Amino acid sequence: MTEPAAWDEGKPRIITLTMNPALDITTSVDVVRPTEKMRCGAPRYDPGGGGINVARIVHVLGGCSTALFPAGGSTGSLLMALLGDAGVPFRVIPIAASTRESFTVNESRTAKQYRFVLPGPSLTVAEQEQCLDELRGAAASAAFVVASGSLPPGVAADYYQRVADICRRSSTPLILDTSGGGLQHISSGVFLLKASVRELRECVGSELLTEPEQLAAAHELIDRGRAEVVVVSLGSQGALLATRHASHRFSSIPMTAVSGVGAGDAMVAAITVGLSRGWSLIKSVRLGNAAGAAMLLTPGTAACNRDDVERFFELAAEPTEVGQDQYVWHPIVNPEASP
């Protein structure tokens with residue numbers, strides 16, 4: 001394991017878990033055309049994967065984070081070097097296979113963005129268990145654990161439930177941002193779940209075409225004990241916050257996006273930083289909304305600027321409370337959508 005920088009004992013520590021990290025490569029081309037050889041611009045390399053992105057933004061915002069992740073091969077070595085250069089503390093579980101790459105191609109002529117995501121390496125059972133062992137030790141002294149991103153090929157879909165069980169035994173709040181089977185197999189133990197509408201739709205098995213349906217689905221997860229709090233990111237339309245007793249709508253922050261990468265991770269990071277400061281959920285989600293907007297100003301997967309986050313935070317309107325009578329839930333039962 002590697003940890004190039006010590007954490008500040010005076011600050012609440014945030015542990016992030018990234019089971020499928022990536023070396024993010026961003027480049028540009030005039031026009032994307034099939035079959036032709038396209039001459040691209042100089043590449044930009046960034047350390048990536050959900051939890052790693054969260055740790056980078058926590059660091060930018062002045063929080064104290066340690067990124068925990070498996071890594072291997074030359075891509076894993078470069079990813080670690082980039083994190084070290086950024087001053088983000090990390091702990092690595094060495095694996096035999098090589099860390100994956102992901103590619104973002106910006107088409108200059110149209111301002112369109114193309115994102116290509118590789119599946120990632122398979123982890124042995126021993127490597128998977130070592131990740132949990134490292135988390136178990138780290139969670140005991142953490143203020144929050146953030147598990148974010150996809151699971152690698154071959155890892156059981158209930159892996160994040162095992163993460164939740166570890167956090168529950170450590171009395172450490174878990175913030176989860178994932179999709180697919182990793183999300184669908186969560187049954188309990190999550191403090192805050194961040195989901196897009198698509199991810200929420202997959203989780204409950206309904207189309208969720210309207211805001212009342214989206215809020216009702218979020219409350220369904222809370223009522224079933226799968227999470228205590230649900231934040232639904234709505235992209236350009238803002239966000240929703242659901243707790244056991246209330247719901248709030250957060251408006252989007254007007255701005256012109258440069259990139260569509262990383263806004264969700266920035267939102268999760270800023271929410272966690274806010275909570276680690278002792279802020280209310282509402283204030284923390286306002287900060288998350290601001291960080292998500294600030295992330296859209298950066299090229300590729302570069303971290304957002306703290307000044308932009310603070311500026312957008314000041315611009316962000318207070319949320320609107322949504323009455324319970326506006327989101328009565330009539331679920332469409334999908335036996336494959338929930339455990």
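Using the three backbone atoms N, Cα and C, a Cβ is placed for every residue, glycine included.
According to Swiss-Prot, the protein carries these features:
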type     : residues                                                                      : note
ACT_SITE : Asp265                                                                        : active site
BINDING  : 22-24, 37-39, 49-53, 100-102, Ser150, Asp265                                  : substrate binding site
BINDING  : Lys37, Lys194, Ala195, Ser196, Ser233, Leu234, Gly235, Ser236, Gln237, Gly238 : ATP binding site
BINDING  : Glu199                                                                        : Mg(2+) binding site
BINDING  : Ser259, Val261, Met295, Thr298, Gly300, Ala302                                : K(+) binding site
MOD_RES  : Thr2                                                                          : N-acetylthreonine
Spatial neighbours of Val261 (K(+) binding site) that are distant in sequence (at least 6 apart) but have CB under 8 A: Asp24, Thr26, Thr104, Gln113, Arg115, Met295, Gly300, Thr301
Spatial neighbours of Met38 (substrate binding site) among the binding-site residues Glu199, Ser233, Gln237, Ala302 [C-alpha, 10 Å]: none
Residues near Asn53 (substrate binding site) in space but at least six apart in sequence (CB under 8 A): Ser148, Gly262, Asp265, Ala266, Ala269, Thr301
Residues that sit under 8 angstroms from Glu199 (Mg(2+) binding site) by C-beta distance, when 6+ apart in the chain: Thr178, Ser179, Leu183
Pairwise CA distance, Gln237 (ATP binding site) versus Ala22 (substrate binding site), rounded so that it is a whole Å: 28
Nearest recorded site to Gly235 (ATP binding site) by CA-CA distance, among binding-site residues Ala22, Gly49, Ser259, Thr298, Ala302: Ser259
Three-class DSSP secondary structure - Ala22 (substrate binding site): strand
Distance from Ser233 (ATP binding site) back to Ser259 (K(+) binding site), taken between C-alpha atoms, in Å: 17
